[in-house]
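*Asks:* Heads up, here are the entries from TrEMBL:
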| type | residues | note |
| --- | --- | --- |
| SIGNAL | B:1-22 | signal peptide |
| DOMAIN | B:23-145 | domain 'Beta-hexosaminidase eukaryotic type N-terminal' |
| DISULFID | B:Cys58-B:Cys104 | disulfide bond |
| DOMAIN | B:167-487 | domain 'Glycoside hydrolase family 20 catalytic' |
| DISULFID | B:Cys277-B:Cys328 | disulfide bond |
| ACT_SITE | B:Glu323 | active site, proton donor |
| DISULFID | B:Cys505-B:Cys522 | disulfide bond |
Amino acid sequence: MEHRGLGWPRLPRLLELLAALAVQAVRASAIAAASPDLSLWPMPLSVQTTPRVLHLSPDNFFFGHSSTSKAGPSCSLLQEAFRRYYDYIFGFYKWHHGSADLRVGVELQQLQVSVVLDPECDTFPKISSDESYTLLVKGPVASLTANRVWGVLRGLETFSQLIYQDFYGTFTVNESNIVDSPRFPHRGILIDTSRHFLSIKSIFKTLDAMAFNKFNVLHWHIVDDPSFPYQSITFPGLSEKGSYSSSHVYTPNDVRMVIEYARLRGIRIVPEFDSPGHTQSWGAGQKDLLTPCYNGKDPSGAFGPINPIWNTTYSFLSKFFKEISTVFPDEFIHLGGDEVDFDCWASNPEIQDFMRDKGFGRNFKKLESFYMQVVLDMISAINKSSIVWQEVFDDASKLTPGTVIQVWKVEDYTREQSKVTEAGFPVILSAPWYLDWISYGQDWKKYYAVDPLSFEGSQEQKKLVIGGEACLWGEYVDATNLTPRLWPRASAVGERLWSHKDVRGLEDAYRRLTIHRCRMLRRGIAAEPVFTGYCDHEDRM
Amino acid sequence: MAGSALWFSLLLAAAFAGRAMALWPWPQYIQTSEQRYTIFPHTFQFQYHVSSAAQVGCSVLDEAFQRYRDLLFGSVSFHFPQPMGKRHMSEKNSLVILVVTPGCDQFPSLESVENYTLTVNDEQCFLLSETVWGALRGLETFSQLVWRSPEGTFYINKTEIEDFPRFPHRGLLLDTSRHYLPLASILDTLDVMAYNKFNVFHWHLVDDSSFPYESFTFPNLTKKGSYNPATHIYTAQDVKEVIEYARLRGIRVLAEFDTPGHTLSWGPGVPGLLTPCYSGSHPSGTFGPVNPALNNTYEFMSTFFLEISSVFPDFYLHLGGDEVDFTCWKSNPDIQAFMKKKGFGEDFKKLESFYIQTLLDIVSAYGKGYVVWQEVFDNKVKVQPDTVIQVWREEMPVRYTKEMELVTSAGFRALLSAPWYLNHITYGPDWKNIYMVEPLAFEGSPEQKALVIGGEACMWGEYVDSTNLVPRLWPRAGAVAERLWSNKMLTNLDFAYKRLAHFRCELLRRGVQAQPLSVGYCDVEFEQT
């Protein structure tokens with residue numbers, strides 16, 4: 001244990017140090033590019049490597065806790081992570097690692113992990129969670145230091161990416177010094193389990209791959225028009241009548257498992273229950289929730305968005321969101337609010353009367369805003385925060401401060417970012433990252449080239465961009481094609497949201513992404529090829 | 001033909017009612033009714049008719065029976081309802097197969113007859129075919145007709161089918177050079193091809209990127225030209241296995257060794273084969289197409305294709321001939337001298353023709369026929385009249401329908417691929433465009449149309465390997481399969497959508513990772529491993 005500390009600046013100053021290092025990021029990526037074996041993804045804030053190599057032996061190497069760490073073996077989140085990363089590093093090669101005789105130089109025997117502050121082992125990650133870490137790789141004991149377990153998780157991923165097998169199969173790592181922290185705190189993937197059901201195994205795989213790319217939010221668009229797979233405890237009829245079949249549901253236990261699996265990887269689950277539109281599947285299980293559409297004087301038999309004029313609507317939603325707020329631990333609930341079709345509302349005589357009473361005239365945006373504001377207040381009252389799609393901002397005259405606006409419309413999205421931030425609302429950017437829109441060739445370059453802050457606005461406005469999300473909508477996606485469609489294309493977004501804004505060289509990104517894709521493949525993620533070529537271990541899929 | 005259009009649409013209407021909705025590709029003639037028969041997996045058997053030319057011991061059919069038994073009744077065989085009490089008329093306990101022409105050990109060919117009739121009525125459950133290949137097609141159809149009630153009982157409806165393919169060449173191209181595909185991926189693809197009644201596996205084995213075919217005459221080709229000579233190769237045994245696996249499913253293996261372009265991976269293993277490119281008066285260190293000016297080149301090709309001709313049993317070889325880049329040839333002084341000697345002037349198409357013609361003569365001498373990409377025709381290479389021209393360019397130099405017209409009016413047989421490059425992906429249900437292609441929609445006489453022997457769906461490998469091959473291929477390639485098998489009047493997209501969505505769920509049930517056509521679900525979903 002005498003190596004602890006390692007001459008690195010005292011740890012409470014970690015954050016100041018990180019800030020100081022941010023300016024060096026350009027230099028860092030230049031250094032990284034010079035080392036052909038370095039295939040880190042996403043690129044850390046600062047990387048220094050030397051040509052001096054250390055070797056690791058699967059029989060000898062272990063992850064340990066520093067004696068000064070605030071986390072120890074009782075932190076099961078870390079113990080689980082150690083086991084996972086041991087497997088990612090060595091597990092695959094168990095039967096053909098290099099001969100010990102060929103090893104030269106110093107052996108790296110341990111990665112010693114030190115958590116500086118209250119580790120948050122048993123809490124859930126939050127938007128404000130500290131993910132920064134420093135990694136000092138030298139023999140015989142390397143050290144990984146972070147304020148919280150979340151930083152340790154990110155650092156373990158980086159550490160595992162530093163290790164490679166040399167020509168003789170020996171596990172090798174270069175002496176390195178890495179200081180890292182994310183550019184944006186909200187780095188998400190959206191999955192859509194309504195248009196096609198995804199088994200929790202598929203969701204687990206996605207969470208695995210997200211951790212390999214340092215994503216930290218799974219935006220779970222759990223229900224929509226086609227099906228309602230979420231099994232509600234309060235309203236079991238919703239999934240009984242609204243799911244595709246009794247095997248296409250997420251039981252409370254499934255949801256708990258997903259949340260815990262994500263937590264162990266430092267990933268938040270943000271559930272979305274989109275309303276008042278996109279709610280056809282709610283109707284079957286909840287009578288008198290949707291608006292009956294009219295054909296002239298008579299109901300047509302069809303239904304539209306949630307009916308915003310009845311008290312029963314709000315008492316249902318209040319109970320429903322109360323359940324959601326206890327089932328999902330995250331501070332945020334996504335309330336949707338996109339693409340509300342006004343035709344059905346306009347056809348309904350009761351709604352027409354309501355509009356007149358409220359003085360809304362023929363402006364159905366006012367009705368939409370009325371509805372959203374009631375729901376937003378409901379969410380505030382249960383001490384949660386809300387995320388909504390951009391229409392809620394676009395159509396509102398006033399909106400609860402702090403509501404997070406997700407920008408998704410690709411036309412003029414930078415202008416939308418300017419408007420939203422000018423009005424003082426936080427922004428999540430998705431518009432350029434709809435990965436369900438596929439095309440021939442290397443479209444990852446397009447996703448990679450986006451800069452989330454390339455809109456007109458003050459420094460204060462830019463600070464309101466809390467991050468972004470890659471969205472994989474489910475019209476044409478299910479468990480058969482989810483993984484190759486998502487990875488490594490989403491990795492481009494992953495780096496854009498984690499790494500310094502100046503890390504954008506396409507050539508170096510291509511080189512690293514190709515290796516990173518092979519690494520994902522080796523870890524059991526069927527990530528599709530970036531371009532012509534091969535991976536050493538692709539036949540193991 | 002007006003009369004047949006009438007019965008055809010009537011039959012469509014009849015079929016909408018029944019379980020035949022599940023059929024893909026749609027048979028030429030079908031009549032079904034609501035009357036159904038129970039099938040008990042315990043007692044059900046495939047049986048050879050006493051007067052069948054194929055009997056027990058016929059590998060193609062014996063193995064097919066086993067496969068289709070597994071596909072039909074699968075792993076759940078312990079939970080079937082048992083037959084109770086006395087047997088009823090409404091029960092079928094065998095499918096009787098009668099093959100007219102003997103032959104179980106040969107390979108399928110372009111001329112193979114795939115016709116069959118399938119009769120399921122009170123009297124019989126009977127599959128009649130001219131050849132074993134037709135019997136294979138009929139077994140697939142039979143397997144698509146059997147359905148299962150929610151309680152788990154198997155049924156088949158009263159049905160009469162008379163079926164035959166519209167085109168004899170219904171192919172799928174896989175590219176194993178740009179990305180290596182493990183043997184298992186190829187074999188799995190052959191299975192799904194059989195489900196779709198495809199009958200040609202066009203194996204684009206080698207290309208610029210890598211040379212995975214292990215040649216026993218020139219082992220250095222793979223040693224130096226594959227991605228990894230230990231893992232990313234096809235051994236002689238692998239190739240044999242592919243050919244036999246395909247044969248058992250009535251699928252031909254059409255091997256492509258593309259030259260003189262697309263050959264960079266050949267270079268390291270055969271020094272002197274490729275043209276050294278020049279930068280001014282010095283070799284630049286890079287290489288271009290095969291060097292057509294050297295005798296050694298033709299000696300090598302002669303030996304190499306002798307091996308290929310014996311390894312691949314199909315009558316046809318695909319010789320490539322596409323996208324030859326002339327800049328390297330132009331830069332090379334030896335080639336310039338050769339051009340002058342031959343009197344080719346500055347016309348490098350003549351040089352290309354010279355090479356191809358010499359190669360075709362070599363291959364002809366081995367008793368093989370050949371398929372080439374359209375450039376060989378476009379560049380006016382003098383080829384044998386029985387050459388098959390594969391049309392692949394959508395717009396240039398002319399639109400593909402025009403190209404079909406030109407190729408057939410010159411009297412050559414044509415294969416259509418241009419609208420079926422499945423590696424080109426777009427958002428949404430692009431299978432509809434793939435489906436609506438009519439291969440004979442070009443100006444030409446009936447004689448010209450008769451020269452179109454079929455088409456191929458192509459899955460080029462720039463962005464495709466075993467991680468995304470299956471969902472990118474299926475069910476999109478199914479759209480091509482039906483266009484090449486079924487009646488040309490079958491163009492109703494709603495009818496196709498219903499059946500294809502159903503067929504896609506059936507593929508999932510059979511373990512194929514086929515991607516969704518649109519929003520929805522299948523009873524059995526693909527399970528992540």
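Cβ coordinates are placed from backbone N, Cα and C, and glycine is handled just like the others.
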*Asks:* Just how many other Cβ atoms lie inside 10 Å of the Cβ on B:Cys58 (disulfide bond)?
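*Replies:* So the Cβ neighbour count for B:Cys58 (disulfide bond) comes to 22.
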*Asks:* Nearest by CA distance to B:Cys58 (disulfide bond): which of the recorded positions is it, out of B:Cys277, B:Glu323, B:Cys328, B:Cys505, B:Cys522?
*Replies:* B:Cys505
*Asks:* Nearest to B:Cys277 (disulfide bond) in three-dimensional space, by Cα, is which of the recorded positions B:Cys104, B:Glu323, B:Cys522?
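*Replies:* Result for B:Cys277 (disulfide bond): the nearest of the recorded positions is B:Glu323.
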*Asks:* Enter the number of other CB atoms within 10 angstroms of the CB of B:Cys277 (disulfide bond).
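*Replies:* Its Cβ shell of radius 10 Å holds 19 other Cβ atoms.
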*Asks:* B:Cys505 (disulfide bond) has how many other Cβ neighbours within 10 Å of its own Cβ?
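*Replies:* Excluding its own Cβ, B:Cys505 (disulfide bond) sees 21 Cβ atoms within 10 Å.
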*Asks:* Rank aside, I only need the closest one: which of the recorded positions B:Cys104, B:Glu323, B:Cys328 has its C-alpha nearest to that of B:Cys522 (disulfide bond)?
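*Replies:* Minimum Cα distance from B:Cys522 (disulfide bond) across B:Cys104, B:Glu323, B:Cys328 lands on B:Cys104.
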*Asks:* If you average pLDDT over the domain 'Glycoside hydrolase family 20 catalytic' (B:167-487), what do you get?
*Replies:* 97
*Asks:* Determine, to the nearest whole angstrom, how far the Cα atom of B:Cys328 (disulfide bond) is from the Cα atom of B:Cys505 (disulfide bond).
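*Replies:* Cα-Cα, rounded: 50 Å.
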*Asks:* List the Cα distance (Å, whole number) between B:Glu323 (active site, proton donor) and B:Cys505 (disulfide bond).
*Replies:* 39
*Asks:* If you measure B:Cys505 (disulfide bond) to B:Cys104 (disulfide bond) at Cα, how many Å is it?
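*Replies:* Per the Cα atoms, B:Cys505 (disulfide bond) and B:Cys104 (disulfide bond) stand 32 Å apart.
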*Asks:* So, by DSSP, how many helix, strand and coil residues make up the domain 'Beta-hexosaminidase eukaryotic type N-terminal' (B:23-145)?
*Replies:* 32 helix, 33 strand, 58 coil
*Asks:* Of these disulfide-bonded residues, B:Cys104, B:Cys328, B:Cys522, which scores lowest on Cβ atoms within 10 Å?
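*Replies:* Counting other Cβ atoms within 10 Å of each of the disulfide-bonded residues B:Cys104, B:Cys328, B:Cys522, the minimum falls on B:Cys104.
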